[in-house]
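Novice: First, the structure itself, so that you have it in front of you.
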Amino acid sequence: MTTTVIILAAGKGTRMRSHLPKVLQPLAGRPLLGHVIQTAKQLNANNIITIFGHGGAQVQQQFQQENIQWVEQTEQLGTGHAVQMTLPVLPHDGLSLILYGDVPLVRQQTLEKLLAVSSTTGIGMITLRVEDPTGYGRIIRESDKIQAIVEHKDASEQQRQIQEINTGIYCVSNQKLHEWLPKLSNNNAQGEYYLTDIVAMAVADGLEIASIQPDLAFEVEGVNDRLQLAALEREFQLQQAKSLMQQGVTLTDPSRFDLRGTLKIGQDVRIDINVIIEGNCELGDFVEIGAGCVLKNTKIAAGTKVQPYSIFEDAVVGENTQIGPFARLRPGAHLAAEVHIGNFVEVKNTSIGVGSKANHFTYLGDAEVGAGSNIGAGTITCNYDGANKHKTVIGDAVFIGSNSSLVAPVSIGDGATVGAGSVITRNVPENTLAFERAQQIEKANYQRPQKLKK
């Protein structure tokens, strides 16, 4: 049976008070709508139809690489009207899941259950039991069968005691959608076309409406303002933290951990507080990440220790490496095993060989460092001439003295030594001592100037 996913994403999101369309607001590093599209893809849906409206150009631009059919809702006349807009492109066979771009965290397994129960009845929905149902549509049942949805404002006092509510997520036969949607009426106080009216149509046709409830309440929570967005972010992050801990990761405080992408982990990984992981990252066995670190699209091999407040982006780190605190690995940083990168060292588009060290206050950009070399404090690779970047090559077992400037393009041969304070502008042969600085001048019995009395 074919599966279509219809995503309603046309709302403006006025309460967000943002120039950004609501469905593009980020949650865990991905737009709200991106979470829903990802789930639809996990279901192997045959069609994904997204209904856009406010900020439509921005929304389409954000997801231009996705295989999506876009349908415009020029006027926001209700949820029923939104789904009506899909009829010209909606298949006549199979089932459609109706989801929302601002309800981002409904899980694949929940929707698979909904598809399963709906396949025999032709219509199913997700409901939820809550302690305080105020403001939500109530599920009216007779002999445990759904008969109607009554909005809160229209509910009697007895009906308002019902704690089972409508989440708005449906699975409906496409044949029935083609039959029911044209019959929707806007004869109500709001003058809108309500999707909930298809429930009454199903009952009138003698269909039994299947229903399921999610395992986790936050799956069906929507986002209307920044408070709700922040609350859902924390719920989601806590679930991700729990999943990692169940896989053997030690998180010092699960409530102070953010995963904004995917993380592949080995055994006995330890992550301290306030660590942010973005994009696609991988941590090998026995890796330790200190407090306040940010990792983005980075792979760290087994046994490496990262001290607090280090930032990595598009970097690869070898085994048993020591990094930080306050180190920065920029895109193209590639560290071999047993490298030491210390405090306030920045590495960009540079490979560093086995066992080499840059322990203090150093910039290595567009460079190649061999094995077993020592880069002294304050060393700078001067890679930019104001127009172009140039490469510095440092061989194996090289010693670079403190406060040296290596003006690229330049190479330092294996076993060479550069004296402290040098500005190296020419290639240094292997096993050579090179130094370049002004001669030291001494003035005996020198008296510093005295401050003038006011």
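Glycine too: its Cβ is placed from the backbone N, Cα and C atoms.
Taken from Swiss-Prot, the feature region 'Pyrophosphorylase' covers 1-226. The UDP-N-acetyl-alpha-D-glucosamine binding site annotation in Swiss-Prot covers 8-11, K22, Q73, 78-79, 100-102, G137, E151, N166, N224, R330, K348, Y363, N374 and rests on sequence analysis. Per Swiss-Prot, Mg(2+) binding site is recorded for D102, N224. Summarising the annotation, Swiss-Prot assigns region 'Linker' to 227-247. The region 'N-acetyltransferase' annotation in Swiss-Prot covers 248-454 and is backed by sequence analysis. If you look up Swiss-Prot, you'll see H360 marked as active site, proton acceptor, on the strength of sequence analysis. Residues annotated as acetyl-CoA binding site in Swiss-Prot: A377, N383, Y384, S402, A420, R437.
Map these features onto the structure and tell me what's around them.
Specialist: In the three-state DSSP classification, R330 (UDP-N-acetyl-alpha-D-glucosamine binding site) falls within coil. Cβ neighbours of R330 (UDP-N-acetyl-alpha-D-glucosamine binding site) (same chain, under 8 Å, six or more residues apart in sequence): E313, D314, A315, E346, V347, K348, N349.
Of all Cβ atoms in the shown protein chains, 14 besides its own fall within 10 Å of the Cβ of N224 (Mg(2+) binding site). In the three-state DSSP reading, N224 (Mg(2+) binding site) counts as coil.
For the region 'N-acetyltransferase' (248-454), the model's pLDDT averages out at 97.
All protein chains considered, the CB of H360 (active site, proton acceptor) has 15 other CB atoms within 10 Å.
Take the CB of Y384 (acetyl-CoA binding site) and look out to 10 A: across all protein chains shown you find 12 other CB atoms.
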Novice: Report, as a single number, how many Cβ atoms besides its own are within 10 Å of the Cβ of D102 (Mg(2+) binding site).
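Specialist: Excluding its own Cβ, the number within 10 Å is 24.
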Novice: Using only C-alpha positions, which one of G11, G101, E151 is spatially nearest R437 (acetyl-CoA binding site)? These are the binding-site residues in the record.
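Specialist: Of all the candidates listed, G101 is nearest in space.
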Novice: In whole Å, how far is H360 (active site, proton acceptor) from A377 (acetyl-CoA binding site) when you measure between their Cα atoms?
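Specialist: Each residue's Cα considered, A377 (acetyl-CoA binding site) and H360 (active site, proton acceptor) end up 5 Å apart.
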Novice: Round to the nearest Å and give the CA-to-CA distance linking L8 (UDP-N-acetyl-alpha-D-glucosamine binding site) with D102 (Mg(2+) binding site).
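Specialist: If we compare the Cα positions of L8 (UDP-N-acetyl-alpha-D-glucosamine binding site) and D102 (Mg(2+) binding site), the gap is 8 Å.
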Novice: Give the number of CB atoms, excluding that of A377 (acetyl-CoA binding site) itself, located within 10 Å of its CB.
Specialist: 19
